[in-house]
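Novice: Quick paste of what Swiss-Prot says about this protein:
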BINDING   15, 16, 17, 30, 84  substrate binding site
BINDING   34, 38, 48  [4Fe-4S] cluster binding site
BINDING   50  Mg(2+) binding site
BINDING   86  S-adenosyl-L-methionine binding site
DOMAIN    21-233  domain 'Radical SAM core'
């Protein structure tokens, strides 16, 4: 596993900031490289909160063993591991993430504590056949300009997995996005952990909360990026 490498932007210990694992101590493994440019529609700005990790060259070449060593250095006990980016399932990151996930699962499976790493993925890359992971699966809405890149088969795989730790995240820019989110949930009969998160600086949490309050039966829950309330735009915390 020393020969298999990818570009890793950063590895650090913090608290999970959003979704069902909010507040849980977590080791973040951020890989470099993502081909999506969310929010960059006509006359509007990129909203990605990690633009510094979009380039595949925005990191240090690391092997699977080096990443495992860094994880062990950060925490001697088993805590949640989150593979994020960039996009951990795109390009060469994909094979790297699968190999890393398999090794973490092999090491941790007997302990019973967080044996499966969580993968934050943008919805464009397939999640098929990856039982060694739990997923935070994005679905990009019209306001992102990236909805045509979504792999719709992932929604069916999400349902088939029936993993209570999996979640689908919808990032909401405006009312049109919210209505489209409700359409997707109904059309694909989605249940489970369905998260709605506002685009920071473009939609207030208060407004999104009101919309969710009156979308009874959708199964949506509000998800706020709590790490931004604690640390602002600081990186690696």
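Just so it is clear, glycine is given a Cβ too, placed from its N, Cα and C backbone atoms.
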Novice: Could you round the CA separation between residue 17 (substrate binding site) and the residue listed as 'Mg(2+) binding site' to a whole angstrom and send it over?
Specialist: 14
Novice: Let me know how many other Cβ atoms fall within 10 Å of the Cβ of residue 38 ([4Fe-4S] cluster binding site).
Specialist: 23
Novice: Here's one to test understanding: among the binding-site residues 38, 48, 50, whose C-alpha is closest in space to the C-alpha of residue 30 (substrate binding site)?
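Specialist: For residue 30 (substrate binding site), the closest Cα among 38, 48, 50 is found at 50.
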Novice: I'd like to confirm something. Which of the binding-site residues, 34, 38, 48, 50, has a Cα closest to the Cα of residue 15 (substrate binding site)?
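Specialist: Closest candidate to residue 15 (substrate binding site), judged by Cα separation, is 50.
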Novice: On a C-alpha basis, identify the one among 34, 38, 50 that is nearest to residue 16 (substrate binding site); the candidates are the binding-site residues.
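Specialist: Nearest in space to residue 16 (substrate binding site), counting only the binding-site residues, is 50.
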Novice: What kind of secondary structure is residue 48 ([4Fe-4S] cluster binding site) part of, going by DSSP in three states?
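Specialist: In three-state terms, residue 48 ([4Fe-4S] cluster binding site) counts as coil.
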Novice: Go through 17, 34, 48, 84, our binding-site residues, and report the one whose Cβ sees the most other Cβ atoms within 10 Å.
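Specialist: Per the Cβ count, the most surrounded site is 34.
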Novice: Report the same-chain neighbours of residue 50 (Mg(2+) binding site): residues 6+ apart in sequence with Cβ closer than 8 Å to its Cβ, ordered by sequence.
Specialist: 30, 84, 85, 86
Novice: What does DSSP call residue 16 (substrate binding site) in the simple three-state scheme?
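Specialist: Note: residue 16 (substrate binding site) is coil by DSSP, not helix or strand.
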Novice: Other residues with Cβ within 8 Å of the Cβ centroid of 15, 16, 17, 30, 84 at the substrate site?
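Specialist: Everything else in range on the chain: 14, 18, 26, 28, 82, 120, 227.
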Novice: So how far apart do the substrate binders 15, 16, 17, 30, 84 get, largest Cα to Cα in Å?
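Specialist: Across 15, 16, 17, 30, 84, the widest Cα separation comes out at 15 Å.
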Novice: Can you check what DSSP calls residue 30 (substrate binding site), collapsed to helix, strand or coil?
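Specialist: SS state of residue 30 (substrate binding site) = strand.
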Novice: Within a 10 Å radius around the Cβ, which one of these binding-site residues has the most neighbouring Cβ atoms: 15, 16, 86?
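Specialist: Most Cβ neighbours within 10 Å: 86.
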